[in-house]
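Chemist: Right, I'll just put the structure down here and ask away after.
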């Protein structure tokens, strides 16, 4: 931009070429000063200067043009003369030199400003000069003797005198005369600096102005500045010496300063202002110059200020008995205008007690004073308001007002003792509950009790003591001592003496006696009533009720009646007893009348009232007083179920099976049928008779009628049995045919009952038919190459037996196979054995025919197996399948470079087959080659096979190319021979030919490295090894000699060994002379002729430390800010060293003393940084000493380092690092709401530790918070002081204001400090009270019979003032008719009460006026309210509902208010008087049921709506109680949860009326609710007492207690509204779980429903109907045997979700199914779930036994399944739940069997039973709590299979001896257990105690731990834990005598000792029961049947052993 500006400057007077050259010469690229100017970024000023230059260059344009012509002429002449002239050398080719310099002193005289350069083609010396002129004196030229000259400034530059200099420079080579020079134009431009200050022109220095002048212009000032640009532009600022900058302002307009008045003047505040006007230039950098002008402003005073009080005694104290006219105090005021000073007069606001003298201001009393009279004072203080008025000397105009000022003084009356303590009431009535704790306060009975005592005297005169008379230890009064006024209470002192049964009422006298004068006292009467409490418990007439009922009792049967008494009275006593909380196993089936105590059957319970299931029931019942919510007691009920004949005999098994071998007349195992009858044993009802009643072959069998032994009459023939499809079924898979019989068992009872059971007889076939072959002889011809496993032929035989396995045929080869052939045992297929060879050539002798003997065997076992043989001939056919034979190939040697075509070897092979066709080839894949080192040579590296040629027919091997030994020395050729005549496949044989290649000398030596790079230290001694040069030769000639070649000077420095190649130092090597030694080594081998090779050796000469380091550059000065962070970089110190490496590495150190720890230097880089916090105020300059060391790390300690020193100077720059310090008032600044705007509120003073002459030390104040309404403003006086003023008037802005004053300094960044200033604006009593309620001219209607003391209404008035000014009091104003005497108004609360009885006939309307006045001082303000009270006739009847219940419907999720229901109207029996008002409006209110706020009832329109959205799924029905009332102003009718009906506690008519108006119930109506007529007993206030006398309801002092709903149901003004929420379909069905799992056994029948998928829908009705669908394919996983299942294997019932089996399962089927199911409702909302169904065997089920009934278990089954699944980590599927069946076949209905199976989650496999039991045992610690909770008794396998065949006789004998041995071992074990019993008694006791868990003992100790469940404990296996050794022998059923012998440590004795004698009786009866029902050896000896069980017999026996009996 500068270059372009210069071009435009001379464009008008010079041609374009000259301007361009001048522009180029002025480029900043060639002139450093010009570049500095360009970087100064002051383009506007530069443009201005260029315009001036342009105008001055016009007169010089001709000179430049002539100079150009002369220069061209001289150049031509010089060329002709052959002495070529010199030329100025100007960068860029410019034609003019332009130089810009700042004016002095910026550019000092003698400064080097430019360097001239010249050029002479003849290389003559040049002389530079200048043409003399006025301008040329400014520079001085010094020739340097060469082609350059320096230009220096010769005199000072002043732009204001001359801004440019035009100089002509000369250049000569001394061959020209003095008048012939080469000239060059030189232009020097002077740039301005700010060196002139503004100067003011003459101005007005003094100004006078009245103080009431309006804002405007005062004067104008002007200052000039000789600088140019921004340096010459002037801006004006104003300074007021006292800081009043907000009064005046100055602005800059067209270069002039306009002084204005902007604020208000106040002569009284300030009458003289000294202003200082600053004229400042606009320099944006460098120094700023300022000019100053002083102006004096004088303020002329006017009369505008009110008077000021100068003497005010704020508080004066006088005694209350002061005489009238006593001088109290004196005030004095003066004129606020200091220059006028008018006289002052005083006056006081109207006051009856005080007055003031107008002229002197003396205040005196006018009446007698009384401190206790609070009508005009507060706490003995009178606030007097005094006004001072200015009396003007001149007459005022009509628009002017008198100047006044007001003040307040306080007169305090000192007290004299003229009051006595006084109670506000003469009688106090209290009540207290008996048994109340100490310090419990007594409750006052009366409403609005004034429990105050007062004595308004001061100090001890008003201090009194409170006490009770007579003295007692029951109660005490607090406080004991009080001052002036006390709110006292009476509290319990001794709680033990307060008993309602002993005393019910106590009377005391309350005394308040002054402490100084005991003769001054006051008293009141105190009545204390003791309230009865529920402190006695109900007592049953019997502790245990024993009753008996017949089993199967019907509904309504009375079981018993219980009774209890309570000595308390009322509801706390017998009358309030309720029988509740009937608990026990059958409690849910019984009904307990809570009042009469009668227990009846309310629900038939088949299991509960069945003696065979449970014969005894234990129940508990509670008697609770206080209508079921008070104290309680418990009794036990034992119900005995008597037996009837209601059970038919039940077989122990569902069916019986027996096996009978054909031709046998006896079963393998005797078949004994047994049935049990659960009826009482020993009676005809349980006597059983057996008979066969049905069966096709029943005549072939007989049964014993008494013991049920079933036997066949004769043997059966399996083959001759008749086929009868109706009776006989065939099972072809096991060879058993069934015979069905039906056996009946009947009892002898009346009526007779019977049961039938099916019996299946299995007739088993025997093996009696041998297999028979279809052919007697088989023959087949096969080829010799037939592979192993190939089929040859098949033999077949059949067996005539009719069942498996007897008719199953298996085959085997008896002889002749020679291990060549095998036969399939099932199919009879003969095949070649795997690995067998049929080649006849391989046999010796050669074998072509094989003769086999094959046997057919049936499935008989042992000796019963039958067989039959046959013969098979197999002939072998020969084929060509033998490979050729290649003999061993030799090793041959060949010289390398052997001629091409040379025969190497002849290969020959043979073949045993006839007519072979052999072909030879080299197998490239198997060939190998190695070099001299033995390394393999790859074909990709060297194709050695291409050097040979093998003839395929003849087998001749020849060379095709020369061989190179250095590449390949050893060859291994793979020669393969193939027989092309092979019949099947290829016949190939392969051999290897080894070839060794001999060597020739044909390779040069080679060095191991392409070059050598080594290092050596300079000055190394001779003989030091430099390098070891090694060469090698691939030929056999390995001997090599070495020689050195290269520069002889370098070769002389080293020595090379010719044999080893070692190079060592031979002479001194100097690093400074040779940094590198470059040599060449030749290696020559020993061959003939010899061969050689060359290699380069580069040796680097290492340096030594022989040079000192030195610093680069001279001394340096640095500056750093004082707040520079630690580690901040200051600069970089540079040093270097001529050495290299570590010797040349510089390490910098700093002198710690010079740096004082403030700085550090990086040892490696020389970076100088800050090491510690700097503080300019502490030290602002540092001189640092820096050391530079070389080789510091390795040589410093050894003295091998060199160093240098340098000084560094650092100056610390100041930063704004000190926050301001502020001084504010600490307490709240008090002002009034009438505070003057020009009056200062507070002063803020600050200081800053930074330089006050810099912005860092100057402060700025602002209000940043708390001035939300702009009430205050801040005026800053100077940089350190500011004042707070009110910005606007503070009327009604009273209160405390907290201003946050933020102070910041002017530094960058600035420091900010905030402090708070509290300003308290006090209120001025300027607002009268305003009535809020009721409105003016309100008419209040009250009934004529309103009770005296009834509150009629409450007036409320508010005052906008605060404090005492806003404290409102009320009073009635007298009226002419005296109506104000009938009513009483509380002066504090504004409550209006009835004071006298009303008489409507005497006066119907009362008009009263209520005054509300505040407590403002000195003047109180008031307001009046006119109120009309109308006396209306008594409303005898209240509105009544004609119905008891209303039903309404609302739709869920409907918008609130969308549905509206109008409730029916009420009736009113009141008669309307013509003169009275029309009937009152009836309003409806919801009094109960709307606690959640869902409904809204409009009181006047009676419309019921919803205000919140309803959700039927949350609440489906609501019960609202709606009350109708004519009192529409009161919508709150509280009915507590338990409310005592006390409407008739008082007998007076007034009390009855009051109570009945407050409540809605008559207590007598609640005694006989059956005959209560809600309309007959509607409220008639006048005849209520008569009705009480007519109806005998027996009201007993209001002691009837009912719930709120009972109260509401018998109130005719209340109706129940039942709200039913209508359903919408807004909820989708949800499956109970997202994954359903189940199992089905392979023995299940088609169509079985085995599981259910269930979803729930919270909706109801049609919306909740759910349909179920299968929505995916039913996938089979890991399935076996399911190939024939073509259709869907499962169906889902659409309505119920039951899953039904849709195929016939078979044994052997495995796998699991999964599919997706969908549940949707009628609207289409849906949910999906995943179903998994597993196939399992019956023996994979596990049975859990619970001591729960099935219904109880079903309620808890989900939790049980989930917990078991979570603990074991398996999928738990429930298969079946049924009643428990004992070992003897009887049914135990107290227990439940649960069948389930577990599935592995990872592979979905079914756990076997042992795995499940083991899994449970492993997690028993986690399942223990669950098993205890659900009373799990046992876990075992669901079934145990019997073996189908008995053991052989030897095994039977062995088992007999084994049993004898086990019996002996058992006896020994029992004896050992008996001997060890004492050691294990604790364990035994623990096992026995826990059995009582479910007995009656649990009632006494319900915290006893439950016994561990058998088979779930890790010690439950036999012999692992002493607790289980005896298998639950039930030793706890010992008799009473045995129980008493346990000793002191017996847990049995200790446990039983806590019970009563009844517990012992219970144990005896229980023992008898167990002795009859739990004898395992009675009918079935388990141990005798172990040998017939499966391999799981041991496990089953262990489980049976440990099962709980």
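Including glycine, each Cβ sits where the backbone N, Cα and C put it.
TrEMBL feature annotations, pasted as is:
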type	residues	note
COMPBIAS	11-30	compositional bias 'Polar residues'
DOMAIN	95-200	domain 'Cadherin'
DOMAIN	201-309	domain 'Cadherin'
DOMAIN	310-423	domain 'Cadherin'
DOMAIN	541-651	domain 'Cadherin'
DOMAIN	652-773	domain 'Cadherin'
DOMAIN	886-1007	domain 'Cadherin'
DOMAIN	1008-1111	domain 'Cadherin'
DOMAIN	1112-1222	domain 'Cadherin'
DOMAIN	1231-1331	domain 'Cadherin'
DOMAIN	1334-1441	domain 'Cadherin'
DOMAIN	1442-1631	domain 'Cadherin'
DOMAIN	1632-1746	domain 'Cadherin'
REGION	1-40	region 'Disordered'
TRANSMEM	57-77	transmembrane segment
TRANSMEM	1851-1875	transmembrane segment
Chemist: Averaged across the domain 'Cadherin' (541-651), what pLDDT does the model get? Just tell me the whole number, please.
Modeler: 89
Chemist: Which one, 201-309, 541-651, 1112-1222, 1632-1746, has the most C-beta pairs under 8 Å toward the domain 'Cadherin' (1231-1331)?
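Modeler: Top-ranked stretch among 201-309, 541-651, 1112-1222, 1632-1746: 1112-1222.
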Chemist: With pairs 6 or more apart in sequence, are the domain 'Cadherin' (310-423) and the domain 'Cadherin' (1334-1441) linked by at least 3 Cβ pairs under 8 Å?
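Modeler: Yes, since the domain 'Cadherin' (310-423) and the domain 'Cadherin' (1334-1441) share at least 3 Cβ pairs closer than 8 Å, they count as touching.
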Chemist: If you run through the domain 'Cadherin' (1112-1222) with DSSP, how many residues end up as helix, strand and coil?
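Modeler: Once the DSSP states are binned, the domain 'Cadherin' (1112-1222) shows 12 helix, 47 strand, 52 coil.
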Chemist: Going by DSSP assignments with H, G and I as helix and E and B as strand, what are the residue counts for the domain 'Cadherin' (310-423)?
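Modeler: DSSP classes over the domain 'Cadherin' (310-423) add up to 0 helix, 50 strand, 64 coil.
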Chemist: Under DSSP, the domain 'Cadherin' (1231-1331) has how many residues in helix, strand and coil?
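Modeler: The counts are 3 helix, 52 strand, 46 coil.
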Chemist: How does the domain 'Cadherin' (95-200) divide up by DSSP, counting helix, then strand, then coil residues?
Modeler: 4 helix, 51 strand, 51 coil
Chemist: Quick check on the domain 'Cadherin' (541-651): DSSP residue counts for helix, strand, coil, in that order please.
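Modeler: Here the numbers are 13 helix, 49 strand, 49 coil.
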